[in-house]
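*Asks:* A single structure is presented below for examination.
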């Protein structure tokens, strides 16, 4: 198959913009038509913006001519940016507020750099998970449960995509604030950075200062947007597993209505639902394996950012503009961590409800022992909740989320007492 010229050289910006906006345009289409059900899972749609941005380095994307050059360019840009703000932190050692601001962005930049490397190494494994979710998405059959299944899928899609749109708008506001930092602070650049020969100094090198400002604006727009898209993709994978469990519950509750006393069909359907449940369990284990490193990094980074941003907001309380920036950073970190823990909780809770749905399908007066062995097997497997976890760290749930906040509060109190 011949490639289009735009794909060979990485251009076609109009097409890429349409691809980037596909999930959000599709959201409005589904929202306005109650009878419509999404044709694909949310992770499948969330992958499109990453491809449109040119950095989803799976085997297929990396084989496109010019794409590896773009990946190398992004790594060089990311490395220069990270080294410049890391080097500049040494200039802020005598100012606790400025040092805290530098450390916050160093931590966030390191997380972005880590995600760049992660997707470079694991994009194909993420594709395997998404393909498995697509198979689960089409697992149900037509029958009495079909309407409930379509309704569950549609509601899940609208909730998740709505949350992602809110998250993107919040990130857009944060990006605008960062890019406009020189307008309302004494900084000359959005980020405190240091380069050889003081190239960032506008009084000595006005031209290079302008180039560095534009370079940082590009870094802010591209990498923060890309990071938001990757987080939306990762979270939607676990939320899609929750939706699959919900579909399983709907089908179990309509099992007898669908089979209508036909023992052969009841046996076939019970086998199918056992396989469906088993596939979901294996996908959860696979997700925890594939996202093991990112889950660990998210836990560490969010813990550090929440603790640091609250501390710096207290230190800069006499400067409302600086304090507001740290408070916004705190809310972004808390919102990020809250989203992960809430979806971890939802998945665990829904996995337990599978046992209740299977119990409702249990009717010893109809069917053979083999049929009800399958149902009892589902009940037994559902006794142990499915969890989002990266060993050795604790499970992502609201109880551990509260424990993290308590630790952050303890560290904040200790730091403030030490300074006083």
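A Cβ is built for glycine as well, from the same backbone N, Cα and C atoms used for every other residue.
All annotation found in TrEMBL is predicted automatically rather than curated by experts.
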*Asks:* Have a look at 22-41, 42-61, 102-121 and point to the one annotated transmembrane segment in TrEMBL.
*Replies:* 102-121
*Asks:* For the annotation transmembrane segment in TrEMBL, which listed range does it cover: 157-179, 180-202?
*Replies:* 157-179
*Asks:* Any contact between the transmembrane segment (291-311) and the transmembrane segment (102-121), i.e. 3 or more CB pairs below 8 Å with pairs at least 6 residues apart?
*Replies:* yes
*Asks:* Taking the transmembrane segment (157-179) as the reference, which of 70-90, 102-121, 323-341 gives the largest number of Cβ pairs under 8 angstroms?
*Replies:* 323-341
